[in-house]
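The next block holds one structure in the form of C-alpha coordinates; read it before the comments.
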Ligand SMILES: [Zn+2]
Ligand SMILES: [Zn+2]
(Lines of atoms letter the chains of each structure in order from A; the text may use other names.)
(Lines give C-alpha, C1' and ligand atoms only; values in the text may rest on other atoms or scores of the structure.)
(Ligands and ions follow the chains in the order given, each with its own letter.)
Protein backbone atom coordinates (compact mmCIF):
# COMPACT_ATOMS: atom_id res chain seq x y z
CA UNK A 1 0.00 0.00 0.00
CA UNK A 2 1.50 3.34 -1.09
CA UNK A 3 1.56 6.33 1.28
CA UNK A 4 -1.12 8.86 0.32
CA UNK A 5 0.14 12.40 -0.46
CA UNK A 6 -0.15 14.78 2.50
CA UNK A 7 -2.79 17.36 1.66
CA UNK A 8 -4.03 19.56 4.43
CA UNK A 9 -6.37 21.66 2.32
CA UNK A 10 -9.80 20.95 3.70
CA UNK A 11 -11.66 22.87 1.01
CA UNK A 12 -13.68 20.77 -1.36
CA UNK A 13 -12.13 20.30 -4.77
CA UNK A 14 -13.38 22.43 -7.65
CA UNK A 15 -15.33 19.66 -9.34
CA UNK A 16 -17.21 19.14 -6.08
CA UNK A 17 -18.45 22.73 -6.00
CA UNK A 18 -21.53 22.06 -8.06
CA UNK A 19 -24.60 23.87 -6.70
CA UNK A 20 -26.37 20.73 -5.57
CA UNK A 21 -26.99 21.23 -1.90
CA UNK A 22 -27.24 17.58 -1.06
CA UNK A 23 -24.02 16.76 -2.92
CA UNK A 24 -22.12 19.58 -1.25
CA UNK A 25 -23.41 18.66 2.16
CA UNK A 26 -22.55 15.02 1.77
CA UNK A 27 -19.10 15.92 0.33
CA UNK A 28 -18.39 18.27 3.26
CA UNK A 29 -19.47 15.60 5.68
CA UNK A 30 -17.13 13.12 4.07
CA UNK A 31 -14.22 15.60 3.95
CA UNK A 32 -14.62 16.66 7.55
CA UNK A 33 -14.98 13.19 8.95
CA UNK A 34 -12.21 11.36 7.15
CA UNK A 35 -10.28 13.85 4.94
CA UNK A 36 -8.04 12.59 2.16
CA UNK A 37 -6.16 9.38 2.60
CA UNK A 38 -8.56 8.15 5.19
CA UNK A 39 -7.33 10.45 8.01
CA UNK A 40 -9.75 11.68 10.56
CA UNK A 41 -10.03 15.32 11.41
CA UNK A 42 -8.49 14.66 14.82
CA UNK A 43 -5.46 13.06 13.14
CA UNK A 44 -5.09 16.03 10.82
CA UNK A 45 -5.41 18.47 13.72
CA UNK A 46 -2.76 16.50 15.59
CA UNK A 47 -0.46 16.70 12.56
CA UNK A 48 -1.08 20.43 12.25
CA UNK A 49 -0.31 20.80 15.96
CA UNK A 50 2.93 18.86 15.56
CA UNK A 51 3.87 20.93 12.52
CA UNK A 52 3.11 24.12 14.47
CA UNK A 53 5.34 22.95 17.31
CA UNK A 54 8.12 22.11 14.85
CA UNK A 55 7.67 25.49 13.21
CA UNK A 56 7.83 27.25 16.59
CA UNK A 57 11.05 25.40 17.38
CA UNK A 58 12.49 26.51 14.01
CA UNK A 59 11.43 30.13 14.67
CA UNK A 60 13.10 29.96 18.08
CA UNK A 61 16.27 28.47 16.51
CA UNK A 62 16.24 31.20 13.91
CA UNK A 63 15.95 33.87 16.59
CA UNK A 64 18.92 32.39 18.44
CA UNK A 65 20.93 32.27 15.23
CA UNK A 66 20.08 35.89 14.54
CA UNK A 67 21.17 36.84 18.05
CA UNK A 68 24.45 34.94 17.56
CA UNK A 69 24.92 36.66 14.23
CA UNK A 70 24.36 40.06 15.85
CA UNK A 71 26.81 39.21 18.62
CA UNK A 72 29.35 38.13 16.00
CA UNK A 73 28.80 41.33 14.04
CA UNK A 74 29.39 43.39 17.19
CA UNK A 75 32.57 41.41 17.92
CA UNK A 76 33.81 41.86 14.35
CA UNK A 77 33.16 45.60 14.61
CA UNK A 78 35.06 45.66 17.91
CA UNK A 79 37.98 43.85 16.28
CA UNK A 80 37.97 46.23 13.33
CA UNK A 81 38.01 49.19 15.71
CA UNK A 82 40.86 47.62 17.70
CA UNK A 83 42.77 47.02 14.47
CA UNK A 84 42.33 50.63 13.39
CA UNK A 85 43.57 51.82 16.78
CA UNK A 86 46.52 49.38 16.66
CA UNK A 87 47.41 50.55 13.17
CA UNK A 88 47.36 54.19 14.31
CA UNK A 89 49.57 53.28 17.26
CA UNK A 90 51.93 51.37 14.97
CA UNK A 91 52.07 54.26 12.49
CA UNK A 92 52.98 56.61 15.31
CA UNK A 93 55.67 54.23 16.57
CA UNK A 94 57.05 53.92 13.04
CA UNK A 95 57.21 57.71 12.75
CA UNK A 96 58.95 57.93 16.13
CA UNK A 97 61.39 55.25 15.02
CA UNK A 98 62.09 57.04 11.74
CA UNK A 99 62.74 60.28 13.61
CA UNK A 100 65.05 58.43 16.01
CA UNK A 101 66.93 56.79 13.12
CA UNK A 102 67.32 60.17 11.43
CA UNK A 103 68.71 61.58 14.67
CA UNK A 104 71.13 58.67 14.94
CA UNK A 105 72.19 59.08 11.30
CA UNK A 106 72.88 62.74 11.97
CA UNK A 107 74.77 61.84 15.14
CA UNK A 108 76.89 59.28 13.29
CA UNK A 109 78.24 61.86 10.84
CA UNK A 110 79.50 63.92 13.77
CA UNK A 111 83.24 63.29 14.10
CA UNK A 112 84.28 61.20 17.09
CA UNK A 113 86.00 63.48 19.53
CA UNK A 114 88.37 61.01 21.12
CA UNK A 115 91.66 59.42 20.04
CA UNK A 116 91.24 55.79 18.98
CA UNK A 117 94.47 54.82 20.78
CA UNK A 118 94.02 56.33 24.23
CA UNK A 119 90.30 57.11 24.08
CA UNK A 120 91.03 60.60 25.47
CA UNK A 121 89.62 63.66 23.76
CA UNK A 122 92.10 65.21 21.37
CA UNK A 123 92.88 68.88 21.44
CA UNK A 124 92.98 71.53 18.73
CA UNK A 125 96.64 72.28 19.50
CA UNK A 126 99.44 70.88 21.65
CA UNK A 127 100.83 67.36 21.91
CA UNK A 128 97.51 65.54 21.63
CA UNK A 129 96.11 67.53 18.71
CA UNK A 130 94.03 65.72 16.08
CA UNK A 131 95.97 64.16 13.17
CA UNK A 132 95.03 61.83 10.34
CA UNK A 133 97.03 59.15 8.57
CA UNK A 134 96.90 58.54 4.77
CA UNK A 135 94.12 56.00 5.35
CA UNK A 136 91.99 58.72 6.96
CA UNK A 137 91.90 57.39 10.51
CA UNK A 138 92.23 59.99 13.24
CA UNK A 139 94.47 59.89 16.33
CA UNK A 140 96.03 62.15 18.92
CA UNK A 141 99.45 63.37 17.61
CA UNK A 142 101.50 62.09 20.59
CA UNK A 143 99.70 58.72 20.61
CA UNK A 144 100.37 57.88 16.93
CA UNK A 145 104.01 59.02 17.21
CA UNK A 146 104.49 56.77 20.26
CA UNK A 147 102.82 53.93 18.31
CA UNK A 148 105.21 54.36 15.34
CA UNK A 149 108.17 54.34 17.75
CA UNK A 150 107.29 50.73 18.65
CA UNK A 151 108.35 49.87 15.09
CA UNK A 152 104.93 49.07 13.65
CA UNK A 153 104.53 51.16 10.51
CA UNK A 154 100.81 50.72 9.91
CA UNK A 155 97.49 52.24 10.99
CA UNK A 156 96.43 50.75 14.36
CA UNK A 157 92.85 50.55 13.05
CA UNK A 158 92.97 49.33 9.44
CA UNK A 159 96.57 48.02 9.27
CA UNK A 160 97.36 49.94 6.08
CA UNK A 161 101.03 50.96 5.78
CA UNK A 162 101.65 54.30 7.44
CA UNK A 163 104.66 56.54 8.08
CA UNK A 164 105.49 59.54 10.26
CA UNK A 165 105.43 61.59 7.03
CA UNK A 166 101.74 60.66 6.53
CA UNK A 167 100.74 62.57 9.66
CA UNK A 168 98.50 65.51 8.77
CA UNK A 169 97.22 68.04 11.25
CA UNK A 170 93.45 68.40 11.13
CA UNK A 171 92.04 71.86 11.59
CA UNK A 172 88.47 71.87 12.86
CA UNK A 173 86.57 75.13 13.01
CA UNK A 174 84.74 75.23 16.31
ZN1 LIG B 1 95.53 59.50 22.19
ZN1 LIG C 1 93.58 53.48 9.04
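Numbers here mean position along the shown chain, with the first residue as 1.
From the backbone N, Cα and C atoms, a Cβ is placed for every residue, glycine too.
Annotated by TrEMBL as region 'Disordered', the relevant range among 16-38, 39-61 is 16-38. Across the coiled coil (48-107), the model assigns an average pLDDT of 92. Helix, strand and coil content of the domain 'RING-type' (115-159), in residues and according to DSSP, is 9 helix, 10 strand, 26 coil.
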